[in-house]
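Residues or ranges marked as domain 'ABC transmembrane type-1' in TrEMBL: A:294-526. Feature annotation from TrEMBL assigns transmembrane segment to A:20-40, A:52-75, A:87-107, A:113-133, A:145-164, A:184-205, A:217-241, A:261-284, A:296-319, A:339-357, A:364-382, A:509-533.
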Amino acid sequence: MAGAVESSLVSEDTSGTEAVAAGVVGIAAILFGISLGSMFELLSITDPIAGIPMVALLGTLLTLLGLGVIGFGLGSRFGYVATDPRPSAGLVASVAFSGIWFAVGGLVASQSFGLGTVGWVAVAFVTGGLAFAGTALPREDIGSTLPVGVFAVFVGVVFLTGVIGPSWVWDLGWEQQASFNAEFSIPVITAFCSLLVSWASAKAYGGFGARGRHVGAYLLVYLNALSIIAVLFLLVAFTVFKGLPGLFNGLTFGLGSGPETTLFGFTFAWPFAWPFVMNGVALLNDVNGVLPAIVGTIWLVIGAVVFAVPLGVGAAVFITEYADRGRFTQVVEVATNGLWSTPSIVFGLFGLAFLVPRLGNGKSLLAGMLTLGFMLLPLVVITSREAMLAVPDEYRDASAALGVTKWQTIRSVVLPASLPGIVTGIILGVGRIAGETAPILLTMSGSVAPPGSQTVDVIGGFSFTSSPPFVSNPELLQATSALPYQLYSLITAGVGQSSNIANIEQFRWATALILLVVVLSFYAVGIATRYYFRRKLQHE
Amino acid sequence: MSKTSQTTEDETKRTDQPLEVTAGETREQTQDEWTDYDFESQAKFSVEDLDVYYGDDHALKGVSMEIPENSVTALIGPSGCGKSTFLRCLNRMNDRISAARIDGSVELDGEEIYQDGVNLVELRKRVGMVFQSPNPFPKSIRDNISYGPRKHGDLETGFLSNLLGRSDEDEVDELVERSLSQAALWDEVEDRLDDNALGLSGGQQQRLCIARALATDPEVLLMDEPASALDPIATSKIEDLVHELSEDYTVVIVTHNMQQAARISDQTAVFLTGGELVEYGDTDQIFEDPESQRVEDYISGKFG
């Protein structure tokens, strides 16, 4: 039997092979890092690293990797390395490798040898079939290393010989003249190869068999998670990097250097001047800023939350605690889920057609708040309902057995226990609405590059009047700007180019960064609140 | 105590009872005979012809029994025999199950609890309940104890009461200490009354639940397998506690554990599959000389 290698409980000294396998995985990880870096233009494939041209370096490393993996497979097959392989590498690996080799064969036949459709398809089938047989038929140690190793060596040689070099372009020949250039292709191919090879060498490191498969899967899962986190981090880092110069333009410290602010009747001067977040856009400003949009966004979110949370939680209390579970609650559930997936522009249109004419017949902060509140409402209902359903019935029984009424039970037991869940829902919802552009565009947009004097002052605008409704706050009915909307207009509509913003590119990125910071601040507040309520519920 | 003396004692006890099974009579009793059973103390609950249906399922069939005051009554029987259902009828907890329908009469101190106009808050204040798994609220120990009285408006605490100078914080402290002492938990938690109750061990949590039920000053304590989720040491603490409580309270306890019923109860009611009350009487008699063959089989482990 092919796979019958005696396996013992304690394996022989394998430190040597493990070191080699770890080295191979290490090289693969380096390659993966380089390719990720060059995909995000942190590294350029035309620049040499330590005097060696990048493509040549990649090619050499790939060839080495391929040879290393092949060596592993052969070493294991001929008994130089103690492993525990299965009789076959398995169907999934066979299909995957045959797909890779199908593509390689087809590409070589059509691109290098210029064969026609029939020719390249035939070659592709031959290479694909060979790879399938080469993976499925031999023992696992050969099947899961040889096709991968040969592929890596092949790619390495292609890079080294310059068949694919820094100036290589693959024209797809489509109507749109789309093409892949080397800047993009080489990192992608390298990353793919290094993933494959590191999987194969991780399997070898685990000695094939069940343990090898476990190690291989472990590596793939970890690399996947790491690269997702890396991509997200790069995304944020990119924005921060691009936004910082514009953000801190003209920042000065010193007592009384900042503008004067009046809050609740107290007037004070900020001890620093930060033009980008303290100014609007005006002709006389040294440095222009986005203060009106920041304040607009903050009030918008506060208004939407104040409007949606009591209503949403109330609705959730009704459908969870009072309404009998049945057709009615099902319909409500489907409807709320549907509302949550409704595109925001539809909410915006509703706001424009229904709210705007009824609220002073003009776009206004209040209309925007209510529209976003309507958007937030379904998520608050859904998550509050989930949170209340998760409160154990034992609490309700215990409370009822003490003779406490249903409403008192809800207020003092169910709601406190479900607060962390409700807050989670609000966090998610705020994350979505704070970045919404379409509803703002339709319901509250003011001027696209507002001067500082157009900053809404909701607290200061409040006053008592002698006739009903006895209060007035004209600021609520003023059209105002918000960060996503300002960003949108700065980028797409080309607004600002003609106005007096000095460096429009810097200004855009700084606006994007401020939007990110404002949204993340709301997140932070939400998470801190949730943490506080959790602490109260748990035994600490 | 020697075995002989025990038997004599039992026999004397039985001769006192008006319901004597004479020789030659069939050992199978009819229900009517022992519902007239006259306990020494007054009946706290008298239940007559109680039927409970869950939808189409007839969970309790014509149960009649009287539960005497200031004693421990154990309800035993196999799973699904309706003993918990019966217990939950005594404080109308079955009302919370929308599919449940209840027929018959349950009187508490001579007052029908299944009639219009019964104040459930008042009923449940008088008839407290402890559940199978410990279920303290995720609040502090102090808040758990004072929860009932505060919600009933018997104690005023909080910001507004403080402001108006009507705060009953001292009374809360007193209540917390009294209830916890009654539940034999005070010494263990004295120093951490403001800690979350979920940090206590299972046995402590269950005693906290008993203390919570005692805090509303009930007359009856219903216990639904209060020790089934606990280890032997915690169980024996609960059993001791039940024994002590029976001096001042009427305790009705459901248990799966027949030794436990034998140890702690004064009367035992045996429910068997199908929701029937098969036999009810003094615990010693039920365990040593049951009238019904089915009960004897159940107790000796041949069935159930």
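Please read every residue number as a count from 1 along the shown chain.
For all residues, glycine too, the Cβ spot is worked out from N, Cα and C.
Between the transmembrane segment (A:87-107) and the transmembrane segment (A:113-133), three or more CB pairs separated by 6 or more residues in sequence fall under 8 Å, so the two stretches touch.
Outside the transmembrane segment (A:364-382) by six or more residues, the chain places 296, 299-301, 303-309, 311-313, 315-316, 319, 333, 336-337, 339-340, 344, 347-348, 350-351, 355-356, 422, 425-426, 428-430, 432-433, 436, 439-440, 442-444, 456, 458, 475-480, 482 with a CB less than 8 A from a CB of the stretch. The stretch from A:145-164, A:217-241, A:339-357, A:509-533 with the most CB pairs below 8 A to the transmembrane segment (A:20-40) is A:217-241. Here the transmembrane segment (A:217-241) sits against the transmembrane segment (A:184-205); at least 3 CB pairs are under 8 Å, leaving out pairs fewer than 6 apart in sequence. When Cβ-Cβ distances below 8 Å are used as the criterion, the transmembrane segment (A:184-205) is approached by residues 17-18, 21-22, 24-25, 28-29, 31-32, 34-36, 38-39, 45, 55, 58, 62, 65-66, 68-69, 72-73, 76, 83, 100, 141, 144-145, 148-149, 151-152, 155, 159, 164, 166, 168, 170, 212-213, 215-216, 218-220, 223 of the same chain, each at least six residues removed from its ends. Within the chain, the transmembrane segment (A:339-357) has long-range Cβ neighbours (under 8 A, six or more residues past its boundaries) at 363-364, 367-368, 370-372, 374-375, 377-379, 382, 436, 438-443.
Cβ atoms under 8 Å from those of the transmembrane segment (A:145-164) belong to residues 55-56, 58-70, 72-73, 76, 97, 100-101, 104, 112, 131, 134-135, 138, 182, 185-186, 189-190, 193, 196-197, 199-200, 203-204 of the same chain, restricted to positions at least 6 beyond its ends.
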